[in-house]
Amino acid sequence: MRLNRLLVSFVLVTLSIYAQLAEADVPPEVPNLAKSKKDRQKSEKLPPCRACTVLVNSFRDGMKRTERSKHDGGDAAWEEERLGSYKTSELRLVEIQESLCRDVGRGEDQCHLLAEEHESQIEDWWKEHQTAQPDLHQWLCVEQAQVCCPDGFFGPNCDPCPSCFGNGKCKGNGTRKGNGKCACEEGYGGDNCDSCGPEHYKSFRDTDKLLCSKCHKACAAGGCTGAGPNACRVCRSGWIMDSQRGGCTDIDECITANTCTKQQFCVNTEGSFNCLECDKSCDACDGDGPDMCKECADGFELRDGLCTVISKDESSESSSDTAELDAAPSESTESTEDTEPTKEEL
Ligand SMILES: *[C@@H]1O[C@H](CO)[C@@H](O)[C@H](O)[C@H]1NC(C)=O
């Protein structure tokens, strides 16, 4: 028994030590929500070409910041010689690198790592290649790191992108990734975005430009041959094919299928209709306003063609009558018949 108890407590102690160790091993994870947006962007991992481009852009910003005007005055020739040496000087490189990747936002941490990784290459470019090859992006990201391609090229071997006819983007454009296929803009289709997508028609075309426009809203799926409701192949619901004129004509649902309630009036719209509430003085109407009533609402009477509030003494009289009427049936069910004539008298 005693031995057993000893064993149990030993196991428990061991477990608790393990638990503590496990906790200490993993640093307390700060939940993503608690991190600020800025911190999240900073630690974001970008795709390789994008990351290299961020680094190069930050370097270029540094170059701009350390640029010194040639027109500050002084001896022009001496100035030029001094600036010429400064332009590619170690001093300037250090100045640029001091704030490299600072405040780039997305991928800042990655930028610092990459800057370290490529430090000697950047230095090499700065000292040896800057004049002959002024484009750092081409030199570093395309040629040295081989993570990007020049604009208009894609994939591991930097194959040329299709043109996508100016109506789409080449997948992987400018990077070592992607398949070079066109991702067409809305309304365009085909492998090279050189045809119109569904429910679009060709509004302009020459050898190197194609413009597609959306079919008229009267046209259903199936598209159209051109602009306007007359060019539809099939009409959308709410429209009907006019066999004589050839095209889609709006259906006036207010005539054909008025589903508004008695206290509403119907307004036809293109392809549909709306039910709007009558003026509060109407119980039925043909349109908006107190002059469009077909019947007056309770408490209103027709006066000079308008439903008008029934004047005070009359309405107070009628309301006291109504109160009596309401009270009557509750006294006895038999009295219902008795109250009927009273109602007619009103
Ligand atoms: C490729 O990218 C460049 C630069 O962003 C752009 O000018 C060009 O139109 C793009 N080409 C295609 C086909 O996406």
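Each Cβ is built from the backbone N, Cα and C atoms, and glycine gets one as well.
Since this is a predicted model, take the numbers as computed values, not measurements.
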Cys193: disulphide-linked cysteine among Cys184, Cys196 [source: TrEMBL]: Cys184
Site of maximum Cβ density within 10 Å, from disulfide-bonded residues Cys184, Cys193: Cys193
Residues of the domain 'EGF-like' (157-194) by DSSP state, where helix covers H, G and I: 3 helix, 11 strand, 24 coil
